[in-house]
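Asks: The structure follows.
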């Protein structure tokens, strides 16, 4: 294995993802794609401290812009099915060009290495990376090409800069799915292939009872489509709004299933979910948790006259995200703390309509609890809502195991959680997977065609020449969803 070396280092101005100020950071780019940033220039590169910013340039796309500042460049990549961006600026066009060339060079090398490894691994199977990838994830090739015409389009569930999410009904089965549609032009630069779709593989390979499964993925001439499970037991948000508060036992049940899913993502997939909030938690027909990936919020943050335009709910943002420091796996445990606080206390731990004041509360305010909360629950929530991710419960090297061993979860057999042996505390009153009683009547009563599929959108009418950037993108889960 090649030794990891520092390829380039130097000062960059990084723009905050949420509080959109520019902060100077000293960045090191390594040959393995690691791109890490520090407040001060590190004294000893052989004994680096924990960085403030830590991400990878593998499979990234690079863009140049002169807004909001001259000599700006953006690193864009697909995380799961969500497009994330990091924005930097430097002092001169030459300096920007230098960074872009080096980052692109590292990304290209990594892609080449991955392709070589896939060739070795695939043996007799097709030698191109994407073909081998499909061989790995799909036990049987789709019997027919999936197209947009096979669904009824019922309701817009979410909309963002890069696409939209629609509640759809598969005509053949009557089953409901969430279809996430991303515009190709934002993932593929003008003449440049984006090294994306790793997350397509993450989704295809993800097999966990409490995570939303990917049923199909396919493409049209201008879009990538992910068709994902849509659990019909209703949003947890809906049930909590109706009951105002859950018992500690009920919160423990949901919390355990969420921990099990996040543990799987962190340890098996090396994915930080980043977006845990009540609206992203649904119940299946039996009352088990399904964590969704329908969000377009991180994509919907606009640049505008005000530097603080948000999509979605900033109430869930962890302190390290607001401060634009490194957010590793511990960011998910903060999210768990917020949703479990809501379940047991009936309100958000920090809230103010004014975003500036809200950010101040998240960063500075001590957490308060209702008197009725038992000590074990207080201890768990205090641990999960620690401001410093290193001090946070789950913030150590043992990650989820720290939370699993907390006294609040004493008595929980974690293998039983995974195997769905625990009886859900609430069973949605649905009779089948096509029962829509927990769906908003506004969209179950009538069919709305969001985007009438035309012939151009039909997968079968699009030949490979017109979609060279995304070979072998189509996928169909074998067996039932």
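Glycine is treated like the rest: Cβ placed from N, Cα and C.
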Asks: Which residue range, 76-97, 98-119, 120-141, is the one Swiss-Prot calls region 'Disordered'?
Replies: 120-141
Asks: Would you mind splitting the domain 'PH' (5-108) into helix, strand and coil residue counts from DSSP?
Replies: 16 helix, 49 strand, 39 coil
Asks: How many other Cβ atoms are found within 10 Å of the Cβ atom of residue 157 (ATP binding site), counting all protein chains shown?
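Replies: Taking all protein chains shown, residue 157 (ATP binding site) has 19 Cβ neighbours within 10 Å.
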Asks: Please identify, from the binding-site residues 159, 163, 165, the residue with the sparsest Cβ neighbourhood, meaning fewest other Cβ atoms within 10 angstroms.
Replies: 159
Asks: Give me the mean pLDDT over the domain 'PH' (5-108), rounded to a whole number.
Replies: 87
